[in-house]
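A.B. asks: Have a look at this one before I ask anything.
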Amino acid sequence: LFDGIYPFYLQQRKVSVFDVSTIIVIVVFLTLTCSFLLIIPGIRGRARSYWTLRVLLSLVVGVVIVAVQFTGDWETGWVKANTSYKSFSRAMVNADIGLHVGLAGVNVTLMGNPVNQINETINYNEHFAWSFDADYDHIYSEGLERGLPSPILYVAEKFTTQSPCGMLRQYRISSHYASATLWVAFCTWLISNMLFSMPVLVYGGYMLLVTGAFMIFSLLSFSTVRNSLMCPIQFGTATLRIGYGGSFWLTLAIGLLCFVAGITVVSLHYFNLDLLKTFFDLREEKAEEYQEMTEVYVNPHFVNKGL
């Protein structure tokens, strides 16, 4: 205590789902989308619809692959409980406690119900990074020094290296490989777009299948944390349980979309190549191939001479 005041300090907050990196990724892809929409009126006929569908679907796949690297809702969980608010205090608060797990770390949220209780505003969200270039235990120690609320420290302590739960190592390794496979999926997505811009459509379809496969591999890597024992997070009689969040299911949906698109391209290549070329605006019109001259202009001088 410092003159009877608990040591709570102001600090920069990190949101649980979106952060600056995610916003930058979304802005970049929105800029690409707007640039394409500016040039789409210059494409004639049905090709305009085909181009719009192809480009927008491709951009959606790309933005999801990159954005989920920075989101914090691969696993989420909430619980409502009556719990102690500060160390060395008997004051109890009614609050919603949330846990948000991402590939780079974990966010712990504490929101009072109502927000204003015991003459304080209870609205906290703390980020604890566990990437290989971050020291989770040091970040947790800084939280202790700042005097973070007890529920946040209790949840964060479950992931420290000193905790008997041993969840930090499993989450760190699983998240690392999930992130790595997603970056490989991003590279294969770029290659598929290059191949689709050339008359080798079937190989672009194959690369879409590879993209979907690496996205599924990332999900399998992250889901291995379920194989380890999860320590219960208890607040009195209430238990905080976590399940797969929006980023996990969004990655799964986009991975399946890549599979469907890749299988469709490969199937059309072998069974209906003309339709595939039409969709990618590579089919030459027969009218242009066998175009006949309907009007002939002859110099009258040569006609008069019988030439």
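For all residues, glycine too, the Cβ spot is worked out from N, Cα and C.
Note that this is a predicted model, so its numbers are computed, not measured.
OK, TrEMBL features for this one:
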- 20-39: transmembrane segment (TRANSMEM)
- 51-71: transmembrane segment (TRANSMEM)
- 91-110: transmembrane segment (TRANSMEM)
- 177-196: transmembrane segment (TRANSMEM)
- 202-225: transmembrane segment (TRANSMEM)
- 246-271: transmembrane segment (TRANSMEM)
A.B. asks: Please give the sequence-distant neighbours of the transmembrane segment (91-110): residues at least 6 beyond its ends with Cβ less than 8 Å from one of its Cβ atoms.
C.D. replies: 14-17, 68-85, 117-118, 122-131, 134, 136, 149, 151-152, 155-156, 159, 171, 175, 178-179, 222, 233, 235, 240, 242, 245, 247
A.B. asks: Can you tell me which parts of the same chain pack against the transmembrane segment (177-196), counting only residues 6+ beyond its ends and a CB-CB cutoff under 8 A?
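C.D. replies: Contacts with the transmembrane segment (177-196): 54, 58, 61-62, 65-66, 68-69, 103-104, 203-205, 207-208, 210-212, 214-215, 217-219, 221-222, 251, 280.
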